[in-house]
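Trainee: For Arg63, Gly279, Asp280, Thr312, the entry in Swiss-Prot reads substrate binding site. Taken from Swiss-Prot, the feature K(+) binding site covers Asn65, Ser67, Asp98, Thr99, and the record attributes it to similarity to another entry. The ATP binding site annotation in Swiss-Prot covers Asn65, Phe66, Ser67, His68, Arg105, Lys191. Annotation source Swiss-Prot lists site 'Transition state stabilizer' at Lys254. Residues or ranges marked as Mg(2+) binding site in Swiss-Prot: Glu256, Asp280.
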Amino acid sequence: MAASSSLDHLSNRMKLEWHSKLNTEMVPSKNFRRTSIIGTIGPKTNSVEKINSLRTAGLNVVRMNFSHGSYQYHQSVIDNAREAAKTQVGRPLAIALDTKGPEIRTGNTPDDKDIPIKQGHELNITTDEQYATASDDKNMYLDYKNITKVISPGKLIYVDDGILSFEVLEVVDDKTIRVRCLNNGNISSRKGVNLPGTDVDLPALSEKDIADLKFGVRNKVDMVFASFIRRGSDIRHIREVLGEEGKEIQIIAKIENQQGVNNFDEILEETDGVMVARGDLGIEIPAPKVFIAQKMMIAKCNIKGKPVICATQMLESMTYNPRPTRAEVSDVANAVLDGADCVMLSGETAKGNYPNEAVKMMSETCLLAEVAIPHFNVFDELRNLAPRPTDTVESIAMAAVSASLELNAGAIVVLTTSGKTARYLSKYRPVCPIVMVTRNPAASRYSHLYRGVWPFLFPEKKPDFNVKVWQEDVDRRLKWGINHALKLGIINKGDNIVCVQGWRGGMGHTNTVRVVPAEENLGLAE
């Protein structure tokens, strides 16, 4: 079987038949990865040169973790990322701000010393301020004032990612809970606390989060990864804080607790996208159930046509080792097969010894995992699940993807203002790349969230429109997009290109699909 020529034709088979035809000699027919890669920038990668090296390896989105670092440090990341983006004109690099989120922590022990505690030991957990700096094995302070109102006997309390666990015996009064320690460990200062199975009423944003979001608005970040989202109203609150100036910033809801899973449908209605944040989620719910939650959330995002990111510990061993474990590679591949639009690296690129190698490994794994996707079947299922009647833009996107599959097209080239049409095209998961051409700088960056989309920023200003000038401008942008795709090797000369455009300028008018050949001197307007 020819390695590259057979792939596109085989992908219309049923899933089991398609998988049975795979072999290790198969390679993608084009050097095109559909899944975007998000990388956290830390001290080891915070320079223009190192960010460019990560981009060469396959990075699409720069992430800043606001649980760590000063504003001065994060400003340097933004400045370095924007300087790095200038080296590839027209190829945008997105910037994401990951909030710390509201959290519960223990108090301080005397002199911040660890205090040993034995399994079976009973003590009080208290919100009394007198113990805020005097936590010990008799009274351990928590900074969540309402804990006595929401917790009940039999519930669990995890400290320091579950290293120390307690069972609630009794709610004594409005400040005190009697608990039993479930394992040997140490009571330490300022450790994070999880309350699995308990509906907490923490605010969506802390004061620090609000200040951080305003910093992001001032610096025109492209997306916010909002931590510990529990309900749809949390997203509305974040949107209010971002305000008019931050209206183009995409809000990605991080689902990290049982409440977020339980309220996922209402969150999905409000948010621009979702992150399956498996670290804290694996503490809040039993670890064997995390993969069920992951599959559910990714599937619902795919059906809704909203981007979804899979994150946490994906190639964690590469923080210190040059090669990942086989389980980690399978984890990345399975996230791609589940339908993730993006995968994310944290410590691997922020503090790891092998950041470039980690991005390259993730890129190669995604590229090969995409070979195993039966795209025709995925398209048919998504089309059948689409609500009826669909709006015009989604109908055109559906028709364009169908045409691209039937024609074995080299690419879909879409002209868009807001990126909405590109998002709908991405929803239906074409085999070929989606070459997005836009004049909107923000859309060109945040569209990295959409699987299969290669966004390009068109450099020419919008002309004063009449019908003739508008059509010439449309053809000029299409030709520009095709030529850039040819130069980058995304498509080949002679490929069929499905072009998607509007019938007039502005947002919301996409209604035209046409097919042209990929040629450098394409007979469109100059």
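Using N, Cα and C of the backbone, Cβ positions are placed for all residues, glycine too.
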Trainee: In whole Å, note down how far the CA of Asp98 (K(+) binding site) lies from the CA of His68 (ATP binding site).
Mentor: 10
Trainee: My understanding is the cutoff is Cβ-Cβ under 8 Å with a sequence separation of 6 or more in the same chain; which residues meet that for Phe66 (ATP binding site)?
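Mentor: In sequence order, the residues whose Cβ lies under 8 Å from that of Phe66 (ATP binding site) (at least 6 apart) are His74, Leu97, Asp98, Thr99, Lys100, Lys208, Asp209, Asp212.
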Trainee: Can you give me the same-chain residues 6 or more apart in sequence from Lys254 (site 'Transition state stabilizer') with a CB-CB distance under 8 Å?
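Mentor: Residues satisfying the criterion: Asp98, Gly101, Phe225, Ala226, Ser227, Phe228, Ile229, Gly260, Val274, Met275, Ala277.
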Trainee: If you measure from the C-alpha of Asp280 (substrate binding site), which of the binding-site residues Arg105, Lys191, Glu256 fall inside 10 Å?
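Mentor: Of everything listed, what lies within 10 Å of Asp280 (substrate binding site) (Cα to Cα) is Glu256.
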Trainee: Taking only the Cα atoms, work out how far Thr312 (substrate binding site) lies from Glu256 (Mg(2+) binding site), in Å, as a whole number.
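Mentor: If we compare the Cα positions of Thr312 (substrate binding site) and Glu256 (Mg(2+) binding site), the gap is 11 Å.
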Trainee: Go through the binding-site residues Asn65, Ser67, Arg105, Lys191, Glu256 and tell me which ones have a CA within 10 A of the CA of Gly279 (substrate binding site).
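Mentor: Those close enough are Glu256.
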Trainee: Which one is it, among the binding-site residues Arg63, Asn65, Ser67, Glu256, that lies nearest to Arg105 (ATP binding site) by Cα separation?
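Mentor: It is Ser67, whose Cα lies nearest.
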Trainee: For the binding-site residues Asn65, Ser67, Thr99, Thr312, which one has the sparsest Cβ surroundings, going by other Cβ atoms within 10 Å?
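Mentor: Selected from the binding-site residues Asn65, Ser67, Thr99, Thr312 on minimum Cβ neighbours within 10 Å: Ser67.
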Trainee: Using a 10 Å cut-off on CB atoms, tell me which of the binding-site residues Arg63, Arg105, Lys191 is the least crowded.
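Mentor: Among the binding-site residues Arg63, Arg105, Lys191, the lowest count of other Cβ atoms within 10 Å belongs to Arg105.
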Trainee: Spatially, which candidate from the binding-site residues Arg63, Asn65, Ser67, Glu256 is nearest to Lys191 (ATP binding site), comparing Cα atoms?
Mentor: Ser67
Trainee: Below 8 Å Cβ to Cβ and six or more residues apart, same chain only. Which residues does that give for Glu256 (Mg(2+) binding site)?
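Mentor: Spatial neighbours, sequence-distant, of Glu256 (Mg(2+) binding site): Gly101, Ser227, Phe228, Ile229, Ala277, Gly279, Asp280, Leu281, Glu284.
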